Amino acid sequence: MSTAMIFVGLILSTILATASNSWLLAWLCLELNTLSILPFISKTKHPRAIEAATKYFLTQATASCLLLLAGTSNAWLTGTWDMTQMSNKLTSTTMLIALTMKMGTVPTHFWLPEVLQGSTLLTALLISTWQKIAPMSLLFIMSNNIQPTFTLTLGLLSTAFGGWGGMNQTQLRKMMAYSSIANMGWTVITLTHEPKASMINIFTYITLTTPTFLLMALTSTKTLQNMTTMWSTSPLATTTMALLLLSTAGLPPLTGFLPKLIIMNELVTQNLTPLATMTMMTSLLSLSFYLRTTYLTTLLNPPSSATSATKWRQKMTKNKTMILLPTATASTFMMPALIP
């Protein structure tokens, strides 16, 4: 009963934050949102989980302080808490830093890999997807008042650091955290020029990440070594996982290629071709660890030596597989339907 109430509070706080028009109400809802997710992070009663909850709380509290400072300063300068009245450059930049800290972009991204590694797979799914909706909605509302140079710099650095950090990871939750950082870079980089493209990117990322984490949870897969024996649980799950990873990497004609194509087109339209080229080059870093994981999942021979051990997993029933079918299909074959 208590878990259900906390989960309802998590959903309602996000909905109210996205629907609010006042910075004070948005700050209050984001605080409720932070307090609602903490019990899920620390539920396992493990020292690593407690450490992750502490890091998450401190980071979100710092971001909330910056948000309240920016909102109060803007209200003092303009006489209103309205989100659309962010004409001052200092307050809008401070608000951008606060919201990007909540989302996990460079340079305030260091908390995300550690928090995901200390959480369960389903909690990591919530942090990577649902917890980004409210800050992204607030950024969308104030996108007209954000400095373009600042968002372009944050976006390029996030794509570079996200790809570079994920290359050396063997833990899948940390790898997905750096993947999240890189995707947030793609989202932020075009926020001031074409906010709708940013929203398409973030919701496509959520559509891709949800079945990926659910497949990891159903197959008890947490490391790259576990990926090599995922075939023993379900060949269908293995194939679906490979397609999801390639789609997240942005390979055509899969769904993940669509938002990157839109963002690249917008950057070139704005005469930012050098920046678009650098962003595409940094995406190759992310592509490298996605391809490595896909190779380990589908192209390795089954372990046959006496020293190889297959991870014990629960049996994958047909009902569990059918639950993932709609989201996995949308994540891999939705691109032709979305191209105008």
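Every residue gets a Cβ built from N, Cα and C, even glycine.
What you are looking at is a predicted structure, and each value in this text was computed from that prediction instead of being measured.
Annotated domain 'NADH:quinone oxidoreductase/Mrp antiporter transmembrane' per TrEMBL: 20-286, in sequence order.
Residues 23-24, 26-27, 30-31, 34, 38, 85-88, 90-92, 94-95, 97-99, 101-102, 108, 111, 115 of the same chain lie 6 or more positions beyond the ends of the transmembrane segment (57-78) yet place their CB under 8 Å from a CB of it. The transmembrane segment annotation in TrEMBL covers 57-78 (among others).
Long-range contacts of the transmembrane segment (90-112) within the same chain: residues 23, 30, 55-56, 59-60, 62-64, 66-67, 69-71, 73-74, 77, 127, 131-132, 135-136, 138-139, 142, 145-147, 150-151, 154-155, 157-158, 160-162, 177, 180-181, 184-185, 188, each at least 6 residues beyond the stretch ends and with a Cβ under 8 Å from a Cβ of the stretch. Taken from TrEMBL, the feature transmembrane segment covers 90-112 (among others).
Proximity of distant same-chain residues to the transmembrane segment (146-164), defined by a Cβ-Cβ separation under 8 Å and at least 6 residues beyond the stretch ends, is recorded for 89, 92-93, 96, 100, 105-107, 109, 139, 178-193, 272, 275, 278-279, 282-289. Taken from TrEMBL, the feature transmembrane segment applies to 146-164 (among others).
The transmembrane segment feature in TrEMBL is assigned to 199-218 (among others).
Per TrEMBL, transmembrane segment is recorded for 230-252 (among others).
Per TrEMBL, the feature transmembrane segment maps to 321-339 (among others).
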